[in-house]
Amino acid sequence: MVTVQDFFRKFIEFQNSPNEKSLQEIVKLVGQLDLRRFNWVRDVFEDIHVKERGSKTALIWRDINTGEEAKLSYHELSLMSNRVLSTLRKHGLKKGDVVYLMTKVHPMHWAVFLAVIKGGFVMVPSATNLTVAEMKYRFSDLKPSAIISDSLRASVMEEALGSLKVEKFLIDGKRETWNSLEDESSNAEPEDTRGEDVIINYFTSGTTGMPKRVIHTAVSYPVGSITTASIVGVRESDLHLNLSATGWAKFAWSSFFSPLLVGATVVGINYEGKLDTRRYLGEVENLGVTSFCAPPTAWRQFITLDLDQFRFERLRSVVSAGEPLNPEVIKIWKDKFNLTIRDFYGQTETTAMVGNFPFLKVKPGSMGKPHPLYDIRLLDDEGKEITKPYEVGHITVKLNPRPIGLFLGYSDEKKNMESFREGYYYTGDKAYFDEEGYFYFVGRGDDVIKTSDYRVGPFEVESALLEHPAVAEAAVVGVPDTVRWQLVKAYIVLKKGYMPSKELAEEIREKMKTLLSPYKVPRIIEFVDELPKTISGKIRRVELRKREEEKRKKGEVGQNEYVF
């Protein structure tokens, strides 16, 4: 057996000089860990980082809108989280109680994460743009014992509570009947949690249906995040910034566990409203960020800027996650800064599963290779394993042995039966691999377009569309057709300076004919102002398909829609 402390010290060493052989050794050590009694804050954050690098900066925070900023060492962040935990306990919270969290990017968000894990509570991070109705749905599915919010979102949570009586805490300002979080002692004993104890629940934003509640344990994210850290490549010496909303699982992956696993410095930048991309990249430059993670939506916006204004002298690592990043975006960033954006793949239900490791040659358009902690298999519709390159199949995870980063399950048993079948966890996504074992994302199972006898993955068509100079964003869906079953339709957001017209649509189609097989070229193009997205930046193609169904029922055509 290896102790938790020795394991993570070895992992920190590995991160400083990663290679494939050492990664395999790390994976073997995971199997030797005794995690029956495990509290990540006690065993890793405090026993390693606070003790051994307590004076090192753990968090640098800035608010773009207000100009506020803060810097906290590992020791200071530990004291802050202990005060939060003492306060929660004073108000009657105990192990297993449910704490909903809806806050902006703020130092207290990190402190609450630490306090909840240390205290053995069940945390439910929630997106800051959720409505009262959406919060009511969540509260009805999993009743809160306490809610924590900021002054901008408190009213939404309060109204959603209705007649529910719970403890309410505010991270900033004052509000009647709400409590402050830092009134108590900075001494707080850890709860003696077990590895199988539930500590985090997420309601997935989802591209289809109602949100699903995903249940994670005291080890699945806290220890499983070594996969994310090793793919992102974050090191002890890094200033690591992850552009993510606090309610997204990727915040837990990349703003919390991954950098704090290795003793790095986390950078948190808060902004309200629409992302000011120029200003945000200016902060990346001014703060001297060395490791930067952002969703594809942001990267696509970044490359529309005048990139000559930026000098990222310290930036060494850039990664993307959420949906596959289009090769054209990777090329533009590489040409300008000599930095390759490395793509990776994971879910709220897991940690990072497939990725372009720092030591791996990047193939633009590929999401990389599977992490050895996950036994990834592609299965056909009959459940048989696909062994030939370029055949599209369901992305699944072999359950024997069960990966440490995999969630416990859904709260919905029907969904569990659909997803856990015959020894595999079905992700709901489809992909193929090439002759070198690199994986390529095709789409959600229901996103794949069936036109005549062909199957078309939306990502490939969207990537081709982005190569046209007028296209800022694109989403591709299948729309009903009596002859071909479905037609390929492209929704396009134009860059500034371009106006919708049939001539431009024809020009884009002509460009597509040089890049795609004829059956993949969109037969319908509609120009729109924006695309519907989840809180994590994923395109909601299901919403676009619903729009198409409604339009066809009514016999309507879009204002800037062109059929060929």
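The backbone N, Cα and C atoms fix where each Cβ goes, and this holds for glycine too.
Taken verbatim from Swiss-Prot:
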- 105-125: transmembrane segment (TRANSMEM)
- 204-212, 343-348, Asp429, Arg444, Lys538: ATP binding site (BINDING)
- Thr348, Arg455: substrate binding site (BINDING)
- Ser452, Asp453, Tyr454, Arg484, Lys513, Val521, Pro522, Arg523: CoA binding site (BINDING)
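Feature map: Swiss-Prot annotations on the structure.
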| residue | record | DSSP (3 states) |
| --- | --- | --- |
| Asp343 | ATP binding site | strand |
| Thr348 | substrate binding site | coil |
| Ser452 | CoA binding site | coil |
| Arg484 | CoA binding site | coil |
| Lys513 | CoA binding site | helix |
| Val521 | CoA binding site | coil |
Check your understanding: Just checking the binding-site residues Thr204, Met210, Gly346, Thr348, Arg455: which sit within 10 A of Lys513 (CoA binding site), CA to CA?
Key -> none
Exercise for review: Report, as a single number, how many Cβ atoms besides its own are within 10 Å of the Cβ of Asp343 (ATP binding site).
Suggested key: 29
Exercise for review: Determine, using Cα-Cα distances only, which of these binding-site residues is closest to Ser452 (CoA binding site): Met210, Asp343, Thr348, Asp429.
Suggested key: Asp429
Practice item. Other Cβ atoms within 10 Å is the metric here; tell me which of the binding-site residues Met210, Val521 scores highest. Key: Val521
Review point. How big is the gap, in Å, between the Cα of Thr348 (substrate binding site) and that of Asp429 (ATP binding site), rounded to a whole number?
Key: 13
Check your understanding: Hey, what's the Cβ neighbour count for Arg484 (CoA binding site) at 10 Å?
Key -> 17
Review point. Pro522 (CoA binding site) has how many other Cβ neighbours within 10 Å of its own Cβ?
Key: 26
Practice item. Report, in whole Å, the straight Cα-to-Cα distance of Arg455 (substrate binding site) from Pro522 (CoA binding site). Key: 13
Review point. What is the number of other Cβ atoms found within 10 Å of the Cβ of Lys513 (CoA binding site)?
Key: 12
